[in-house]
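Read through the structure below, which is laid out as structure tokens, and then see the notes.
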Amino acid sequence: MDRIHITGGAPLQGEIPISGAKNAALPLMIASLLTGETVELANVPRLADIASLLRILGNHGVDHMVVGKRPGQTSETGQTIRLTASNVIDTTAPYELVSTMRASFWVVAPLLARFGEAKVSMPGGCAIGTRPVDLLLMALERLGASIEIDGGYVVARTRNGLRGAEIVFPKVTVGGTHVALMAAALAQGTSVIENAAREPEVVDLAACLTKMGARIEGVGTPRIVVEGVSRLGGARHEVLPDRIETGTYAMAVAMTGGDVILRDTRAELLHSALDVLATTGTEVTALPDGIRVRRNGAGVAAVDVTTDPFPGFPTDLQAQFMALMTRARGQSRIRETIFENRFMHVQELARLGARIRLDGDLAVVDGVERLKGAPVMATDLRASVSLVIAGLAAEGETTINRVYHLDRGFEALEAKLGRCGAQIRRERA
């Protein structure tokens, strides 16, 4: 199993290109099942989760072809993928494939909407809380699907197609909104999605569906209206920049000091996180084609933060921000409101010398003067990159084990950091 070795202490200097967002690319790829025509997606990151989803789509009979890159992308970053679901041979998504990644469960929506049936294994993947699929299935039932659980599989059917309906989510759910959008796009009549997620990745999916012929209004607000159509066509769409990768590298710069320009990204995708970062004393400047992050002199100030759905502070940046706060001046209180069991990184940060106390959904972080390198173990995707951030500032060497988590969500991480002066290397098993 691969390991990453980091010798801390070097400030980051230079430029980092931001990849396409995995959390946008996955639902966009799944949406290709809604049509028999070709959907071409540009700026798709090269990640383990992308490869896993291509295998799942291939199992259904979807053809895919990698056709090129965007100008400026290197051999290790970015790709353009053409997906054609003109010969879907199977509407079953088996356990051995779905268990590798939670988002693959979303194939239930386009399979059901287009073919009238889907049999999809209950999901696996990330170990963050329970993440139930109840809200996703509720949305499909509201649209007229019959749902059964049989032997660990969700069996969804509709006799005469899905029909437009009002879907009211009791809490904001990104996955539920993705599923509702895809299913409602081919439903008969009008669907109204209340308490819809407003995340940029939801907006990106709706933009692609619109190019395919869907009729969608209100995306980016809590109320989305979808007028169903009888068929969708092909489209070309570029995946939006990864706001979580953007925030991660911004926090790495704040942690180590230095001056880095994050290219190919947009500040409006993560205003809340950048505002919090600025409050710590880090200089954040929006540029026409990116963001400049700079911190010189004194360390960062302690800041309290609470995770919230977009446009609030992203839960996917909570672990990274906690790593930054381990060396802040004073005490920081970090409250996690989205997922339970999302403090698994705390124990590993403590191995580096961090002082963190947990009380339910609250983490209290007392900043320390220095961290010291040690062997640590990644427990999930965001926790693993928080250890990278801490390791970049720790004295001596930090060895991160189980880095396959990183490969699920961060494209060419060692290369991007290394080009900015980080002493980081991968030891391959």
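Using the three backbone atoms N, Cα and C, a Cβ is placed for every residue, glycine included.
What Swiss-Prot says about this protein:
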- Lys22, Asn23: phosphoenolpyruvate binding site (BINDING)
- Arg102, Arg131, Pro132, Val133, Asp134, Leu135, Asp316, Ile338: UDP-N-acetyl-alpha-D-glucosamine binding site (BINDING)
- Cys126: 2-(S-cysteinyl)pyruvic acid O-phosphothioketal (MOD_RES)
- Cys126: active site, proton donor (ACT_SITE)
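On its own chain, Leu135 (UDP-N-acetyl-alpha-D-glucosamine binding site) has Phe169, Pro170, Lys171, Thr173, Gly175, Gly176 as residues at least 6 apart in sequence with a Cβ closer than 8 Å to its own Cβ. Here the CA atom of Lys22 (phosphoenolpyruvate binding site) lies 19 Å from the CA atom of Ile338 (UDP-N-acetyl-alpha-D-glucosamine binding site).
Neighbour density at the Cβ, taken as the number of other Cβ atoms within 10 Å, is lowest among the binding-site residues Asp134, Asp316 for Asp134. Looking at Lys22 (phosphoenolpyruvate binding site) and Asp316 (UDP-N-acetyl-alpha-D-glucosamine binding site), their Cα atoms lie 12 Å from each other. Around Arg102 (UDP-N-acetyl-alpha-D-glucosamine binding site), taking its Cβ as the centre, 20 other Cβ atoms fall within 10 Å, counting all chains. Taking Cα separation as the measure, Asn23 (phosphoenolpyruvate binding site) is nearest to Asp316 of the binding-site residues Val133, Asp134, Asp316. Around Val133 (UDP-N-acetyl-alpha-D-glucosamine binding site), the same-chain residues six or more apart in sequence whose CB sits under 8 Å from its CB are Phe105, Met122, Pro123, Val154, Gly175, listed in sequence order. Of all the Cβ atoms in the protein chains shown, 23 others lie within 10 Å of the Cβ of Asn23 (phosphoenolpyruvate binding site).
Looking at Lys22, Ile338, the binding-site residues in this record, the fewest other C-beta atoms within 10 angstroms of the C-beta turn up around Ile338. Ile338 (UDP-N-acetyl-alpha-D-glucosamine binding site) falls within neither a helix nor a strand when secondary structure is assigned with DSSP, and so counts as coil.
DSSP assigns Val133 (UDP-N-acetyl-alpha-D-glucosamine binding site) to coil, not to a helix or a strand.
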